[in-house]
Amino acid sequence: MNEQKSANPAVLGLLGYGVSTVLLSLANSGLYAVDGMVLVMGVFFGGIAQTIVAVMAFRLGDTFGVTAFGGYSFLWLSFAFLNIGAINGWWTVSSVAIGWYLLLWMVFTIGLVVASAVAPRMLTIILALTAVLLGSLGVGALTGNAAISLFGGIEGVVTGALAIYLAFAFLINEMYAKAVLPVGAPLRA
């Protein structure tokens with residue numbers, strides 16, 4: 001009997017995170033407004049796709065994948081709905097509330113950074129940069145300091161691009177059955 005190989009759901013999850021993060025970060029960098037395109041990508045590729053990935057990770061017994069992709073899927077969904085509601089006048093969201101929202105997601109991410117020390121180093125780097133991104137945007141929202149928010153936007157483009165790289169590294173390395181693109185040894189064995 002043939003044993004079916006399980007797919008690596010992290011590829012789709014990292015792409016959903018990376019692409020959505022780059023698009024939002026370009027808006028945070030001032031290139032364009034946070035508009036329908038960013039919000040729809042956040043709902044579908046950042047939110048729903050990562051929810052599916054979390055379910056796939058659950059079926060594989062991957063607690064880290066469930067926590068990371070499940071958590072970030074709900075970050076994207078809640079962020080999109082906060083903005084959709086505010087744009088349509090359904091509710092208001094203060095910059096102080098957004099600041100604390102982002103800082104709590106930074107704390108969540110710091111926990112993932114610690115847990116990821118046994119994963120490929122590139123994942124730990126991406127998560128550490130995500131913590132910096134969320135912290136920068138959170139402090140920028142709390143203080144109203146546009147320079148801090150701009151830094152967060154630029155740093156987010158780099159973070160998202162690295163997540164896209166890692167997704168394709170996992171995919172290409174699996175397809176070629178060898179390490180074509182480096183992902184780095186874990187920080188801890």
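Every residue, even glycine, has its Cβ placed from backbone N, Cα and C.
Summarising the annotation, TrEMBL assigns transmembrane segment to 12-32, 38-60, 72-91, 97-115, 122-142, 148-172.
Same-chain neighbours of the transmembrane segment (38-60): 6-7, 9-10, 12-13, 15-17, 19-21, 23-24, 27, 66, 69-70, 72-77, 79-81, 83-84, counting only residues six or more beyond its ends whose CB sits under 8 Å from a CB of the stretch. Here the transmembrane segment (12-32) has long-range neighbours at 38, 41-42, 45-46, 49-50, 52-54, 57, 65, 68-69, 72-73, 76, 130, 133, 137, 149-150, 152-157, 159-167, 170, meaning same-chain residues at least 6 beyond its ends whose C-beta is under 8 angstroms from one of its own.
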